[in-house]
Structure formats: structure tokens, C-alpha cells
Amino acid sequence: MREWARDVPLAVGLALLVAVLVAIGAGGGGALDRLGGEALRERFERVQRAAPGIVHSARFDPEDPRAGSADEDFGDVLGRYGTAVENASPKSLDGGLVHDSTRIVLPTVRGGVAAAGTVDLSLVYASDAPRPAGYVAGRAPRGRGNAVELAVSTRTRDALGLRVGQRFRLGDGALKNVDVEARVVGVFRADGERRLWKERPLLVRPLRAKDAANAGALIAPRGVEVLQRQAGVELTVDWNMRLTPGGETADRFVGEEGRREFQRIMARYPPSARRAFCGAEGAYGGKVCVLGNHPATELETATALPDTMEEFSRRWDQARVVISFAWASLLAVGFTALVVTSLSVVRRALAGDRLRRARGASAGGVAARRALWSAPAVLAGFGGGCALAGAVTAVSPSCQGGLAVALLCSAPLPLLTWAALRDGALLRGRARSTGRRLVGEAVVLLLAVGGVFALRGRGTEGSAGPDPLVATVPALLGVATVVLLVRCYPWPVRAAARWSAAGRGVVPLVALCRAAKEAPARGLALLVLVVTLAGAVFGGLVSGTLLEGRRAAAAWQVGADASFLGAGRDPAMAERLARARGVRETVAVRQLRVDPLSGTDGGRYGVSSLVGVDAGALRDAGAGSAAARALADAGLDGGGEGGDIRVLASDGRAGELLTFTRHGKEQRIRIVGALPDDVARDPALGPVRRATGARQHLLLADSGDLAGFAASDFEETALLLFGDRLDTAELRSLVPRAAPGAATGELRVLAEERAEAAEDGLVAAVAAAHTGCTALAVVLALLALVIDLSLSAPSRGRVASYLRTLGLGGRAASALHLLQLLPLVCAAVVGGVVLGLALPSLLGPVVDLREFTGGPVVPERHVDVFFVAALGAGICVLVAAAVAVESRIGRRRRLGAVLRLGRSDD
């Protein structure tokens, strides 16, 4: 009992280590699901910023007294059916699917406004329109009389010269047979991030055209009925739904099973909503339902959420692979620390255990006794680890996984005890031991190489859950690196020892000789340091690459400090943006879709993107554009005087002639040279190229060669805005945010795009996982390093004591300890850093970070040199601190406490 009591500190340390490992095993899956759930919620929220998640639509006819009661207000009818489709949402979503808004968009009508002339009005009923507090004058439209009440934004009021109370006639536009009086009853502020402004930007500001202005206005449900009755047309009402799943609900949809469950829910919800709407199914477009007293069709449902889930699942699978490397590194460090702790227990009790063996006890019996000694620590660690996992992850831990980890943690101590006490452990020949070591090292190297090739060849597609191969390969690579280091680093150490022998001091010679001799015994410490450093460097490499890749993708999307897409459709707005405060230079980039034929044999060249850019202006903007540089080098800047369009082509030979027909006129393209590879990645071309699908070829020309084309001929035109101090607020006041596909132009600001990219939930999940795993691995590595140093401390203490009897001073003894550990630290830093930097190359397509960054190409790897240097310096500081503590303890210890006559193992 006295012996067991003396080992209480080791038992407590073992219990803490088991608790940490059990917490990792039991709570790892829950933590990963929690990270994935947060990323999924963020993804749903981002997708639904510009467009509703689910849209239920029904087409309805003008009022028919036979269809239903005319007493109920049409707005109340729309609200009641919105509540009905919301109540039909699946219960498994836990109330996460809510009714967001109801919309009716009418075809345009034409109004005559005295101050602005003819105006094409887009009239919208929106249940999410501004409340009374959002009006600066007047009130919201109401359903009174036969006059159509309108509400406009402050910008529309100022641009068209409208005022509250003003009346004008509405006539035929896209909506025919209309002749009704309209009255402006309110003016609202169209600011903020309301989705209504993004989906209907004409409500925010009018769009000027040559013959008429286009503007938007809000109307009441009664106004919708008045206009529909006059026109006698069928209209469509949309009930927009928003999905905001809670924490546990989103966590449940992460992974392959969760993806299938979500798809089942999305497939079952539309029929439930149709039954809640009118109870009729299979009408095939017939108006068998009623909306108040309007005959209506059954509901039709449109949603992009299943596609969003598919995209997220694909990206999450890749994120899980990247996270699994950090997880595997953490587990490798943890189990190595456990082995080191078990070795410490075995070494501490070795003398007593050998005495028991001499008295007749079997090796298995002593090992069983040691297992019994560790059982309370393992049980305590199991309970504490499960509790810790539940507290940290806030989800129910996997007790089965924790139990498996606990059983695995209980194995090293009895196994190491049996190995140290079995028959022949002390009589084994050196040659036989060396042979076994060589075989073991060869097996490790073969397993590591085979694992890398298997992972590269198989990939990670189709894996639905934890992948043992993905988790094993990094650990095998760490062990293989340690095998090579243990074999290689003693050679330069011995060379340094021979060189130091020529000097006068004995400390370097003794320290380096012992460092070379003890290299095989330092394998566990080396493994801990190498795996920890490799995981940290790999995590830093991933985080840096994701950060730079997202920044590059944002630059590709914008093309400059800001850009205006749709400049050809709204040239007046493009001119106003060019005059905005802070804009230094502007460059127009245009893209034309062409399908040319070879001028030689008449064969098809392939569908191509013909991009025109003002090379001189782009070069003067100081953007360092590869496209401008390529055009200037080829002598194409400024355009040509002939009729041919001179281009640089991604495919084709110089001098080749291509032809295509535009508006009945043949156009000739002459290839001047090959397009450099970096031009395809030039951010200046990103806005127009991103707006269309991938094409077979890219043709680059100067804008001067495309002067013969009208603005309407180009499928996309972007105005690039350059300026170090752009006034984003002024730019947004001119062009508010708009939903994708809006009729008005879209303004993109680089600062906004980068800020949005920084909020990506998947990138945040990867970074958080790597940061947490690295921090915990460092703690475990420090524990393992301290225990490993304590194992070899008596040996170093005896050597120092021998030298102290020969006159060695205290500082020299500290230098001896530091020099003896310095080769180990240097080898660990070199091996860990090299392995961490080499992991992406070794694993190849398994680590595909383009899923997270976007952009035209795979992001370039970004290595944070300062981070790597800080890691190496941190390891050196930790070892120096351990040496300082050991030296201080050694000075206070008497020589007799460390010197033992008859010892020859040093």
C-alpha cells in the first residue's frame, strides 16, 4: 500500500490524460457536428439574404362572386393562407421554417408624371413593406375606393418630382386595358439590408432610359384587385418562406444521413402545403382552389435549399477531411503522451517488479497487478472525460466511443510491464534486437508510403462518416518521419562531437556524444514534437491558404476596388459612379459570346468568350493587370486601324483567321499570338467571365478593336472602379445591394466582398478545429516532453555529478543539459516543419481547398513564415525552461543522491 500511495501523483496524471483522450473520443463527433451545424446555419442565412428559401406560388383570376365571400379583405386572405402554409411545415424542423413575406408583382403600367414625363411603373404588393415608422411623409397604401394608392421611396420621389397627394393616370404598359387614377399617399426610406430592396431594386431608385423612366411603387391588396379587374388578367401571388434551423436541428442535418433526411423533408413539404392551401391535388393547372373570392390554382413550390444542401454537403465532406488531419495529429500526440506516462510508471517500479520476478512471480501476473493499479485511474478518467465532453460540446457524448478509448488507454501500462519483465528481455542479443528494429522501421515506412498512395488513388469520395485511412495516414507519416530522423540526425551530431574534441572544453564533447548515443531512446519525445509541429504547421498552412484564397476569389469577383456590372444597360449610372468621391480611374471590360469558324477550312473553332479591355487605361490604373501587360507586349493596346479584330487566343496559332457573323455582317478575328496562362487568372476579367458559364476558348482584344459593336451586343459589361479611398457609402447610395439577376446593375465593392468572405462558416469551422486541436496538442506534447525528460533526468544527473566531482561548475552543467537536448529539438523542428509543409503535396487531391475559396484556379499555398518561426522558437523555449528547472533541482541535490557505485549503464 505504501508503494501504491507513493505512485499517487502518477496515477492522477494518468487519470487526467485518460480523461482528455476520452473527451476527445466521446465528444469529437459531437463537436464536429456542432461546427458543421453552425456552418450550415450560416450558409442557409447567406443564401436567403438575397432570395427566399422556399417560394409557394398560386395563380389567381379576377374576383368572381360565385367563388367565395367578397366581405373579407384580400390582404387578410393572403395573410391567412400564409399562416396555413407555415403551419404545414414539417415538425422535424422544430419551427425553423417560417412565413417571411407575401408578394404580388404586377406587369408594368405606364403613368404620366408632369415633372418626369412618361414613367413605367412596376407595382408590388409586399407584406414586408416598411411599417409606419419607415415613412418620412404620408402613410402606407390602403384598400379604399377604386383609386390605386401608391407609396414611393425618397429617391424615387426626388428623381420623378413626386409629392404626397399627387394624382396621375395609369395607362397601358405591359398590363393592358388599364385606365385608372393613381394617388401618391406615402414616401418611405429605402435603406438598410431589407431583402425587399435587393429583390426589387426599382423600389429603391428609378432607372433612367432614353424614352421613359422605370420606377417601382408599393400598392395595397385592394389596388391589386382594381388593376386585375380592369385588365382581366391572371396574376401570381408568392408566399416566401425562410428556413432558420435551430442549433440541434442544424446539427442533425450534417453528414450523409442528415443530408438524406433533409432531402426527404424538402420532398414531403410541398404536398403538405398544397393540402393545407385548398386540399386539392392533381389539378394540373386547373383553378380548383379559391383565394378569397378569386379562383386560384393549387400551390406550386420552388426552392433552392436542396441544391444548397448538396453544395454544402460536398464542401463539408472536404472540410471534414481537412479537420480529420488535425484530429489525427491530436490523437497521435495524446496516445504518445500516454505511452510516455506508462513508461514512466514502468521505469519507476522496475526495481520492485524485478524483485518480484526473482521471487517467482510471472511476468503476466506482475502485468495484471499493474493493470489493477491503473484501473481506478482509467475509470476516473473515463467518467471525467465523458463529463468534460458533454460540458464542452453541449451535446450528449458518445459513451461507446469513450469506452473504447478508455479500454485502449488501459492497455499500454500492462503491455509495457510484461515486455520489460518477460523471459529473455535482458538476455536478448544486440544483433537480434537490431534486426527487429530494422524490420519494424521498414514496415513503418512501407505502411506510410502505401497509405499515401492508397489515399491519393482512392480519394475521399463516397465516404459517409469517419475515414480510418484519412485519420491513420498523418500519424503514419509522423512515425515514418521520426524513423528517418532517428537514423539520420546522429550522423551530424557525431561529426560535431568529433569537431568539438579538438577544442579545450569537455562540455560540448560529452553533450554531443550522449545526444548521438541516446537518439534511439528519444524516439517518443521526437514523435510528440514532430507530430505536434507538423499539425500546427499544416493548420497554419491551411488557414493562410484559405485566407489568401478567399481574398483572391473576392478580387476575381470584383476585378478592382469596386465594379459595376450591367454598365451597358445603365450607362447613366455608370457615369455617376465614375464621378463618385474617391474614384481615381475607371476601365470598361466587355464580353461577347462568339462561335467562330476557321478561315482556312471552315471548321468550327468552338464557343469562345471575346473579352475587350482598354489596355492603356488598365495599365494606367496601376492594377498590375496581366491582361494589360499581354496586350501591350503584343502591340495590341490602342486598337487597330483595319477591319480585323486582333486577339490573343488561349488556343490557336499566330496568324490564324477566324470569322463569325453578327447582325448579318461577317466579322474577322485574327489571332496575333498565344494568351499567357496568367491572363486567365487576371482579376480584371473576373466580373464578366464569372457572369457566364465556362467557354471552350478565351479571346482577348483591346476595346479599340471592338468599337464597331453596340453596347447591346455585349452579353456583359463591367465598369471597374479604382481608388484607394473609395467612399463606399456614396457608392451604395447610388446603387443599393440587389439580388442576383436583378434588372438593374449590380455594384460590387472589394471591401464588402472580403468582409463577407471572412464570415464563411465552413472556413471558420476548419480554422476553429485546427486551432483547438493544435492548442490541445501543444498541452499534451508539453506534458509528454516533461515526463520523457524526467525519465532521462537521473542519467543526465549522474553524468553531471561525475563532471562536478572533476570541477564542473553549475553554469557548465546547465550548458551540458541544454547541449544534450539541442540536437533533439533541432531534429524535431526540422522534421515537423518539413512534414507539415509537405502534407498538402503528399496527399494531393485529397486536400482540395478550392471548395472553400472559389476563384478560377486552385489557390496557391500560403506559408506564414513568422508563424513557423514562432513555433520553432516556442519549442526551444519550452526545452530551455525544462533544462533550467532540472538544473536548479540538480544544484540542490547532493552528489550522493545521484551517484551510485557499480552503475555501468551510462
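The backbone N, Cα and C atoms fix where each Cβ goes, and this holds for glycine too.
Nobody curates TrEMBL annotations by hand; they come from automatic prediction.
TrEMBL lists 325-350, 371-395, 401-418, 438-457, 469-489, 524-547, 762-787, 821-843, 863-885 with the feature transmembrane segment.
Residues of the same chain lying 6 or more positions beyond the ends of the transmembrane segment (469-489) and with a Cβ under 8 Å from any Cβ of it are 321, 324-325, 327-329, 331-332, 441, 444-445, 447-449, 451-452, 454-455, 458, 460, 463, 519-520, 522-523, 526-527, 530-531, 534-535, 823, 826-828, 830-832, 834-835, 839, 842-843, 846. Take the transmembrane segment (762-787) and the stretches 325-350, 371-395, 524-547, 863-885: counting Cβ pairs under 8 Å, 524-547 has the most. Within the chain carrying the transmembrane segment (401-418), a Cβ under 8 angstroms from the stretch's Cβ atoms is held by residues 14, 17-18, 21-26, 28-29, 335, 338-339, 342-343, 345-346, 349, 353, 363-364, 366-368, 370-371, 374-375, 378-379, 381-382, 385-386, 389, all 6 or more beyond its ends. Cβ atoms under 8 Å from those of the transmembrane segment (863-885) belong to residues 529, 533, 536-537, 540-541, 544, 782, 785-786, 789, 814, 817-818, 821-822, 824-825, 828-829, 832-833, 837 of the same chain, restricted to positions at least 6 beyond its ends.
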